[in-house]
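These features come from TrEMBL:
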type	residues	note
REGION	1-38	region 'Disordered'
REPEAT	93-134	repeat 'WD'
REPEAT	316-355	repeat 'WD'
REPEAT	356-395	repeat 'WD'
């Protein structure tokens with residue numbers, strides 16, 4: 001069954017015209033009107049602090065589970081760990097010969113891993129401030145991911161562009177191998193089933209769940225699209241974002257994995273002749289009350305769904321790389337946009353609550369822990385925001 005936006009509860013669009021509207025009901029459908037709405041605010045800066053030790057675009061940023069540290073990785077082959085309490089440098093990653101494209105923290109924030117395009121994986125001890133493990137089984141150029149086990153602090157999953165997956169014990173170097181479709185890049189992965197299984201998304205739109213102990217693939221499911229981009233795992237279902245702007249709803253049934261539904265939110269947008277669909281770059285599932293999920297697209301829209309029906313379309317002046325729900329009782333999303341701005345939205349009303357200013361170029365990544373977030377940008381900086389402080393003094 002495929003949904004294409006039926007029963008759309010209109011908030012930002014007119015049902016007949018299907019054009020974006022501002023809060024006064026005015027058409028803001030083209031670039032000129034978008035710029036007029038959002039304005040030119042490049043000189044505004046409201047970050048809590050700025051980390052500027054990178055000399056090239058910063059591709060990845062990741063907060064530690066304890067919330068105190070953030071790790072960064074850039075095109076300058078460098079990575080760092082920064083203490084968010086004082087903005088001081090804790091560790092500098094060395095030895096990478098290519099861009100750092102993946103990061104991972106273990107469950108107790110005692111270890112952090114970095115990986116570059118050539119497949120060099122390094123693990124660093126926060127206590128000893130040095131590298132304690134390294135490996136290279138293949139590249140990350142077309143895909144791949146790093147992920148520490150949710151409860152086992154020394155178990156690191158390394159998934160590669162050739163489809164192979166290794167789970168290392170970084171303490172002794174022993175590993176297990178999990179085999180997927182040959183030559184098909186891994187896109188993303190999450191631990192499921194009380195952390196006893198690994199759910200893996202592949203580039204071709206297929207998903208597999210592996211038993212961590214036996215190393216066997218328990219089941220496989222294939223999405224309707226053959227190019228997968230993103231994965232988000234929730235309590236009751238998972239979301240897969242595809243390159244053709246399709247969102248797949250993945251369920252775990254007694255018979256195994258199954259795509260229970262597909263959504264096509266781009267159905268509501270007017271596109272010029274020959275214009276291609278925009279990929280779903282990221283998705284997230286709300287942990288609070290209500291069946292809410294969000295998905296972001298390079299079209300500039302963030303789609304909010306409730307009970308599998310599209311509720312809101314949040315318009316941005318440029319593509320949106322990341323969307324995350326902010327923890328709390330009130331459903332709010334934070335978005336990272338290619339216009340260099342971070343925005344916080346109310347998922348009930350569709351109101352833009354806060355705009356975070358400072359970056360001078362595209363935002364490439366966003367990490368969120370509690371009421372704080374950090375962003376990585378093409379401008380070679382990482383910016384860190386305390387959202388509680390900004391809510392007291394918003395700058396929209």
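Note that Cβ sites are derived from N, Cα and C of the backbone, with glycine treated the same way.
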Do you know the mean pLDDT across the repeat 'WD' (316-355)?
96
Can you tell me how the residues of the repeat 'WD' (316-355) break down into helix, strand and coil by DSSP?
0 helix, 21 strand, 19 coil
Sort the residues of the repeat 'WD' (93-134) into helix, strand and coil with DSSP and give the three counts.
0 helix, 23 strand, 19 coil
